[in-house]
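Residues annotated as active site, for sulfotransferase activity in TrEMBL: LYS99. The feature 3'-phosphoadenylyl sulfate binding site is assigned by TrEMBL to LYS99, GLY100, GLY101, THR102, ARG103, ARG182, SER190, TYR292, LYS308, GLY309, ARG310, ILE311, HIS312. Annotation comment: TrEMBL describes CYS293-CYS303 as disulfide bond. Residues or ranges marked as domain 'Sulfotransferase' in TrEMBL: 90-334. The transmembrane segment annotation in TrEMBL covers 12-29.
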Amino acid sequence: MLFKQQVLLRQKLFVLGSLAIGSLLYLVARVGSLDRLQPLCPIDGRFGPRGQDEIPLRALQFKRGLLHEFRKGNATKEQIRLHNLVQQLPKAIIIGVRKGGTRALLEMLNLHPSVVKASQEIHFFDNDENYAKGIEWYRKKMPFSYPHQITIEKSPAYFITEEVPERIYKMNSSIKLLIIVREPTTRAISDYTQVLEGKERKNKTYYKFEKLAIDPNTCEVNTKYKAVRTSIYTKHLERWLKYFPIEQFHIVDGDRLITEPLPELQLVEKFLNLPPRISQYNLYFNATRGFYCLRFNIVFNKCLAGSKGRIHPEVDTSVITKLRKFFHPFNQKFYQITGRTFNWP
């Protein structure tokens, strides 16, 4: 009886071994045949030789958490060297304007696999103390990236600070400059709303917008009020044009970026000479938040901070009318200089 069981066991082992060897031989043959097959849709053929336009998949970056570790400063020099990561000076800067949508624009451009953003506003060119630390200090503030990627930072104070154009020119005279604008009166009220919210958090009182925007002595627009001055876009742009040709600027419609972001982002891709990669898949409207959120992949989604899309206080209609009338000639000149017309009142 025992002998028969041993014989049966040997037979089963022989059959299983034969099946395993057969499967292995089939796989080897199958792989060999696949290597000889020509793919029906050769991806490499559409995008050129491997290595030239190859972009690391953002999904893999998030899965590994590699760039996240580098941003936190947890990576060793050896890891950085092995992964060919560098800290590059920006090849494009979002220079303004404040409350025009600079954060939204930066986060949306970061959807592109060839773009890496500086997470924080560096304030290198508009801050004398930071600027005195030198260009290498600025470089060290940039995120790690692959050599083929471009780094972008945003500091909206750059647009209105007198010294900045010359300082950026000295760093890189061919840099690409992005300006995102909104209807000037709406932008001024948004500017006021942000300051007001900060005052309220500290239990401080603050003037009404009307009292700040209109000079009580003359009943005219108060051009000394910073929120008003910032919205005179053409005055600031003219200072930049002393150093950079208009071709190095791209004007983004901040109002349209809120309601219809994809066409605006596609224009920026073209301006930055990036292959078109951002699609409608990457943008979805969040009805609760009232604006578009970002989809990097099937796992990672992101909405802008809750402070975005603040509700503006009600402003006297006569003040709004007066401001729009004041801004109108400046807007016309801005259209003429930039070659882009907006449907502003």
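Keep in mind that glycine also has a Cβ here, set from the backbone N, Cα and C atoms.
Closest to HIS312 (3'-phosphoadenylyl sulfate binding site) in space, going by CA atoms and restricting to the recorded positions LYS99, CYS293, CYS303, is LYS99. Here the CA atom of CYS293 (disulfide bond) lies 13 Å from the CA atom of ARG103 (3'-phosphoadenylyl sulfate binding site). It is LYS99 that, of the recorded positions LYS99, ARG310, HIS312, has its Cβ surrounded by the most other Cβ atoms within 10 Å. Considering only the recorded positions LYS99, CYS293, CYS303, the residue whose Cα is spatially closest to the Cα of ARG310 (3'-phosphoadenylyl sulfate binding site) is LYS99. Taking only the Cα positions, the spacing between CYS293 (disulfide bond) and GLY101 (3'-phosphoadenylyl sulfate binding site) is 14 angstrom. Sequence-distant neighbours of CYS303 (disulfide bond): residues of the same chain at least 6 apart with a C-beta under 8 Å from its C-beta are ASN286, ARG289, CYS293, LEU294.
A Cα-Cα distance of 6 Å separates SER190 (3'-phosphoadenylyl sulfate binding site) from LYS99 (active site, for sulfotransferase activity). Under a cutoff of 8 A between CB atoms, and with a sequence separation of 6+ in the same chain, the neighbours of GLY101 (3'-phosphoadenylyl sulfate binding site) are ILE180, ARG182, VAL252, GLY254, LEU257, ILE258.
There are 20 other Cβ atoms within 10 Å of the Cβ belonging to SER190 (3'-phosphoadenylyl sulfate binding site).
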